[in-house]
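J.: Pulled these from Swiss-Prot:
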BINDING   336, 337, 338, 339, 340, 341, 342, 343  ATP binding site
DOMAIN    707-782  domain 'Smr'
């Protein structure tokens, strides 16, 4: 895109806004290189890239990029054998630290909100290399200013010697300066440094009292800085140690530089990605400051900018206007008063397109649509050149000639006051001819003019639409509102009347203008009134639609709350009912258990299937808490006699003996034969019958509720206890009595320890006097 166009549209000021938001020289470099793209895919990618980071920036607090700096020069120097200093290594360390912090932040962000995807940013995060080892090597070796003492064993030893020698020098010099005899001979009782040597300030007249080397003197010459002979050798030793220290530091820095060179490619990738992120975040910050939104780019030629405003004007006072090239409209001609905002409208359109194609969000409401232009051509403002001795008209015409040579169907052309600066009739004719030529080329055109002839131009051409900037006759000032589809009209008579000009003069003037022009002005006035009425109705309609949407949202939320409340009430009712049924079921289980025991002990006539059926009636009253709890039988092939089935209501397996009819079947469940609904049966796959082995066993007799272990040996007693507890559990006993006698207490202790570990025992206690006292332990079974 032409630099001249960017200059006229003041794109450099937009770049300055973005540059002010960058953190690093990397981001600033990207801003300086920022130019509008002209390839459709590139433009879309750049906008998506900015929008992704803007979404994150508007919702979250981004990690700091402070300290990020360009390090590629250091990396290249390391690669060719140079040695980096501590400051340069720290900048590389900070690059790694910043990229790690941002990657951690992004990973946490994605984990917290899995539904949101950032494909472009995700790709950038995947590009960031792992440089943990290099970071640790630098971090453990030096701080911001110098190498750590423990950077190497040799460096630690050298610095330790320097420290101890310095301490001895200080002690020696302290004795001299604190000596009572020397107080009057010293300018000050301090130890200072000159030429990297420890010295004391001696008055010039007492020079002969101090043996040593004079390293410096005061400006007045009254103070000499003397290194006493007693510390000369120690200072020499420090100089040698400093030299050794420098050699060791050089060795360590060379080693660290080698590590940097080994990771040069990864570091350059990290620098490139983080620089781009700084650039994108700066775009996001700038976009938020102008309340920018993301436009939709279309392949077909489109311009729709709802409530667009110029981003360089004061946001509080600027008037936002909708700029739109409606379907089949290729040329828009704006008429209206001077200083009414026509030129600002042109610049707003041109600058927004340049911004959008540079990957910047644009100052419009949501829903803007744009196509991608290969070039934007402008003839805006007074570009008169004094040096070239060109008039205003000549200057504009020179620019227009160049535009007409280069413009094509992929161009946007902006003409400000087309044909101005010459005879009105000739200027209007030239303007119409130029517009016809540009329309023939196929460019999209927006032009401003004050020629009345151009108001009728759109009515004689297809694809041309009039527009105007509104003028308030009451306040005698422009409103800066753009009226699409309405041509501007002359307000001279109204303004003159407002200013107090005689009505006789005004009326006579009206008779002097042509009938056609008068009718045109009346038509335009009518159009303006209709436009305002329609615009008012549209605004009212928009308000009503928003209110309706709000009411709809409120009602939807209330309905959802009602449904949740209703569901909660039903669930609570089911829960309470289930609790009551559960209590009744437990009571029934206890009764059935007692009846079984009674049958086993006394042979009572109790029918098993009657007990199960009674309990099933309680189970039928259970309410499922959720769909997942509703058991639905699986549909298999048709059930026939001989099939193995599961009886869903009892949870038991059985065999179908006979199909009574389409709805019922006779099923054998163990020793019970029942007629059941077929829908209560679930067909099972027959298991392969394994050959059975005949095992003879004795009939199990009913066991007692007590076990007498008296007379048993310790080990035998515990074996007998285990067997007894198993039988007691099978007999559904809740409590049994273990008789172990008193004796030495060893058997009692062993029994109780065994009961404590047994899986079927929930509790035990010593016997009451009526139960046998200490000779008995009472165990409660699970």
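Using the three backbone atoms N, Cα and C, a Cβ is placed for every residue, glycine included.
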J.: Under 8 Å Cβ-Cβ from residue 341 (ATP binding site), six or more apart in the same chain: what's there?
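T.: When sequence neighbours closer than 6 are ignored, residue 341 (ATP binding site) has 319, 469, 478, 480, 482 within Cβ distance under 8 Å.
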J.: According to DSSP, how is the domain 'Smr' (707-782) divided among helix, strand and coil residues?
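T.: Going through the domain 'Smr' (707-782) residue by residue, I get 35 helix, 19 strand, 22 coil.
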J.: Average the per-residue pLDDT over the domain 'Smr' (707-782) and send me the rounded value.
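T.: Value for the domain 'Smr' (707-782), mean pLDDT as a whole number: 84.
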J.: Between the binding-site residues 336, 342, 343, where is the Cβ count within 10 Å the lowest?
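T.: Looking at the binding-site residues 336, 342, 343, the Cβ with the fewest others within 10 Å is that of 343.
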J.: DSSP three-state call for residue 342 (ATP binding site): helix, strand or coil?
T.: helix
